[in-house]
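Swiss-Prot has this to say about the protein:
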ACT_SITE  Glu192  active site, proton donor
ACT_SITE  Glu294  active site, nucleophile
BINDING   His87, Trp91, Phe92, Tyr118, His153, Tyr261, Ala300, Ser301, Trp328, Lys333, Asn334, Glu335  substrate binding site
TRANSMEM  6-26  transmembrane segment
Amino acid sequence: MNKWHINKWYFFVGMLVIFAVIISLILKDTSLTFSSYDREKFPHLIGNSMVKKPSLAGRLKIIEIDGRKTLGDQHGNPIQLRGMSTHGLQWFPQIINNNAFSALSKDWEANVIRLAMYVGEGGYSTDPSVKEKVIEGINLAIKNDMYVIVDWHILNPGDPNAKIYSGAKEFFKEIASKYPNDLHIIYELANEPNPTESDITNDIAGWEKVKKYAEPIIKMLRDMGNENIIIVGNPEWSTRPDLAVNDPIDDKNVMYSAHFYTGSASVWENGNKGHIARNIEKALENGLTVFVTEWGTSEASGDGGPYLNEADEWLEFLNSNNISWVNWSLANKNEASAAFLPTTSLDPGNGKVWAVNQLSLSGEYVRARIKGIPYKPISRETMGK
């Protein structure tokens, strides 16, 4: 072999080595993005062993572990609920079908679904038939081994004592009579108390008005023999569970809701805990239990984003504190927080599940986070071409 061939051979080997190094670095970066990123920076995003189904966990109750109260199962062990919320059932009733609930339970591995029954905006107050969708949804949740949150969705006006919401007690009485002490059901009494067209102020006085509304309903449910978990909203669109610290509701199975949207509120703000995360921590540190019954990957409007890095920070915070959560929303609306693309049917088909490319960016992300698997987004560059 002459000198020219030797040099050519060394050049060829050298290029192979360089190529191998480049490939290994690419693979390493991919691993960091899809696996080590989740496990090292956010260790509580991977795994869902605490996300137990009703058939295993049974009746829910508040328990105390190491001096802090949290949600527990019938055996006294901690449990976390993860799942999805419907959008307004007056707008997206098509999601109430067995194929959808089956896909959420089996493919997404959700153990809870929230049925958002708006009262205003074309909801229950003007169209009582929307209640039938709630009943149908409860039946499907039970059939598909999920807990179900019955959400009295107040929003506009923001005072749960307003005349438009006067049917609340009778509504919950009817549901409780139809499903007496059913272990699957969680009652959410007031979605988001707020100052819109109301005097629900962002302070103790505002909380007292919410409490005044909630207590008679809670007493009625307990007098009927229902031991179910009951969730109560709080001022400023359910971002102030801390306001109940000095005057909590006297009931052993009451939880306080917290809502946030990752494009509008961060866990960390200027190196310190953000205001909503801080409010949640204060509630927990003072003996209350918190359930995030609504959060979105978008801005608070439901659109913009999705803000997935911020979502990772939030879910790490929630999972590490065993706080249950429900994502907004099961809709094919053209907005960032919707779980499905506008072209996707809310019925995946008999015996079928939604393909990942039928999900929005938010839906794809949240599905992975409910399942507790690494988030590996598909390429969307060629979709629709």
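Glycine residues also receive a Cβ, built from the backbone N, Cα and C atoms like all the rest.
Fair warning: this is a prediction, and the values are worked out from it, not measured in the lab.
Distribution of Swiss-Prot features across the structure.
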{"residue": "His87", "record": "substrate binding site", "Cβ neighbours (10 Å)": "24"}
{"residue": "Phe92", "record": "substrate binding site", "Cβ neighbours (10 Å)": "20"}
{"residue": "His153", "record": "substrate binding site", "Cβ neighbours (10 Å)": "26"}
{"residue": "Glu192", "record": "active site, proton donor", "Cβ neighbours (10 Å)": "23"}
{"residue": "Glu294", "record": "active site, nucleophile", "Cβ neighbours (10 Å)": "27"}
{"residue": "Ala300", "record": "substrate binding site", "Cβ neighbours (10 Å)": "17"}
{"residue": "Trp328", "record": "substrate binding site", "Cβ neighbours (10 Å)": "25"}
{"residue": "Asn334", "record": "substrate binding site", "Cβ neighbours (10 Å)": "10"}
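Trp328 (substrate binding site) sits 6 Å from Glu294 (active site, nucleophile), taking the C-alpha atoms as the reference points. In this structure, the C-alpha atom of Phe92 (substrate binding site) lies 17 angstrom from that of Glu294 (active site, nucleophile). Calculated from their C-alpha atoms, the gap between the residue listed as 'active site, nucleophile' and His153 (substrate binding site) amounts to 11 Å.
Counted over all residue pairs in His87, Trp91, Phe92, Tyr118, His153, Tyr261, Ala300, Ser301, Trp328, Lys333, Asn334, Glu335, the record's binders of substrate, the longest Cα to Cα distance measures 21 angstrom.
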